[in-house]
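Down below is the structure, laid out as structure tokens.
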Amino acid sequence: MDTSENAASAAEQQPTQQIDQLTVPNAPDGGSSAPAPSTSPNSISPSNPTGTPAPGASAQTPNPNAAGASASGSANYKLMCTLEGHTKSISSAKFSPCGKYLGTSSADKTVKIWNMDHMICERTLTGHKLGVNDIAWSSDSRCVVSASDDKTLKIFEIVTSRMTKTLKGHNNYVFCCNFNPQSSLVVSGSFDESVRIWDVKTGMCIKTLPAHSDPVSAVSFNRDGSLIASGSYDGLVRIWDTANGQCIKTLVDDENPPVAFVKFSPNGKYILASNLDSTLKLWDFSKGKTLKQYTGHENSKYCIFANFSVTGGKWIISGSEDCKIYIWNLQTREIVQCLEGHTQPVLASDCHPVQNIIASGALEPDNKIHIWRSDV
């Protein structure tokens, strides 16, 4: 079985509504999309990860010309530095809410915590027996939860590197995870087709949702933790009531391609969903309508993360199987920049909560994390 990679990919105009700092349209949008693959894609990274310990992490000063801006748009991200240390594919990269740290997970079975001030690896968290597919931060930036092919999740305390809980219950690869905003619950999705909700204090599963008919690729809480979005290879995005575990909405488009990633917008009114037909869609989930679709990248095999950037320009950001990171104008759907520098598909990406910084991570044999900065 493969191990660690996750995702995203992306309709039209008339901006009117404010989403926190994001303005999005309320008119549905059309757009053609490539046919969905005939079979469910493979999990996500190299199989049978070895236990080879990662070498000491380093920060390297890269060629500033590695990032290329498009002729249109105003994004001007440039490669700031490269972080090395993981020995296998990078599956996810997440900035801490405080912005001081970057957490990365890998098929090498480890989670690394990088200090963003000094661009060094401060801690390597170990304990999983197989590759790690995803991580998430608690709201106070004190803990991370990790999801692994070993069918478990683990909660680590960052200051001490201590593993405080192991969450057991899934009977197949655990592919995705997230804390609720209160950091009292963890939600997880698995290849066993279920979504589970866990009590952080006790480490016990308090709800098991028979969520989908294929592997669950992504889970996301909304801004107050009252709702959970889940995406699956069955082509559905489902919205769940956290308190009672009931499905309150199912989003599906006409062609029903596998869903590789889902994420609530900052104000919780919209959902960004990536499909394995090389599209990213922005949904008004209350109306069950697609508002915008973003295309131009390649995404037919892996689960690739996608992001809202709100610190400078209002962008949608995603990795791609052509080894690049794509940046779209949220409103116009135009590709405003394409970042080049990785040598393998880019599954992991995240946007810094305060600064105009993007982190990206690639599959092996690249295994590198690039840090990009913009002054716009």
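Cβ atoms are placed via backbone N, Cα and C, with glycine included.
Pulled from Swiss-Prot:
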COMPBIAS  1-24  compositional bias 'Polar residues'
COMPBIAS  25-53  compositional bias 'Low complexity'
REGION    1-70  region 'Disordered'
REPEAT    85-115  repeat 'WD 1'
REPEAT    127-157  repeat 'WD 2'
REPEAT    169-199  repeat 'WD 3'
REPEAT    296-329  repeat 'WD 6'
REPEAT    341-373  repeat 'WD 7'
SITE      Asp149  site 'Important for interaction with histone H3'
SITE      Phe175  site 'Important for interaction with histone H3'
SITE      Phe305  site 'Important for interaction with histone H3'
SITE      Glu364  site 'Important for interaction with histone H3'
Determine the minimum-neighbour residue: among Asp149, Glu364, listed as recorded sites, which Cβ has the fewest other Cβ atoms within 10 angstroms? Glu364
Do we see three or more Cβ pairs under 8 Å linking the repeat 'WD 1' (85-115) and the repeat 'WD 7' (341-373), pairs being at least 6 apart in sequence? yes
Can you grab the distance from Glu364 (site 'Important for interaction with histone H3') over to Phe305 (site 'Important for interaction with histone H3')? Cα atoms, rounded to a whole Å. 17
Within the repeat 'WD 7' (341-373) only, compute the mean pLDDT. 98
In whole Å, how far does the CA atom of Phe175 (site 'Important for interaction with histone H3') lie from that of Phe305 (site 'Important for interaction with histone H3')? 13
Structural state of Glu364 (site 'Important for interaction with histone H3'), classified by DSSP into three states: coil
What's the number of neighbouring CB atoms sitting within 10 A of the CB on Phe305 (site 'Important for interaction with histone H3')? 28
DSSP output for Phe305 (site 'Important for interaction with histone H3') maps to strand
Can you see whether DSSP assigns Phe175 (site 'Important for interaction with histone H3') to helix, strand or coil? strand
Could you state the whole-number distance in Å separating the C-alpha atoms of Phe305 (site 'Important for interaction with histone H3') and Asp149 (site 'Important for interaction with histone H3')? 18
